[in-house]
Structures are given as C-alpha cells and as structure tokens.
C-alpha cells in the first residue's frame, strides 16, 4: 500500500492543507480524518457536492457515476470516491463551476 501527499486548497475557504492519504482511502475520508470540513452529500459519486478540481498529480475516481468525460478532462474530481495515485493538489469547493 502506498501513501501519497494530497494538498487541498481553497483561498476563499481558508484551506491550504497537505494530508497523508493511502491509495485505498477516499480523499474525502482522509480529509475528514485530518480534521478538515469539506462539502459532501451522497458519498457515492452520484452527485456534485464534493467536487473539486485537480491541479497536479493523478487520482482514480472510477467509482464515480456523475461526471461526464468533458468534466473529467477539465480536471473535475469527486473527492468522496477519488483515490490518489500520486502526490496531488486539489482545489476544493468547486461544485458551482460544473454548471
């Protein structure tokens, strides 16, 4: 099992934290364990409440069923069903940008 550094940022929310996240742990779960309060609703990859955008690194969100290919190509990630596959940086609270 690998552990990656996941940096979560959002200037408007005052978030700039780097957390450790195992490659078999969802990023949202690791953030909550680290004491961060990120938005979420379904926790199943079927809505957009937890959406963020990945600015560097790679993730696996194959469990999600909400985002279309264009949104994924644009860097959107559902943190509730995303595993890190490298060190990465994610901008949080990006649901509004999807619409």
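Each residue's number is its place along the chain shown, starting with 1.
Here the Cβ of each residue, glycine as well, is placed from N, Cα and C on the backbone.
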Same-site residue for [2Fe-2S] cluster (record: Swiss-Prot; known: 42, 47, 50; options: 80, 88): 80
Binding-site residues (47, 50), the one with most neighbouring Cβ atoms at 10 Å: 50
Least buried by Cβ count (within 10 Å) of the binding-site residues 42, 80: 42
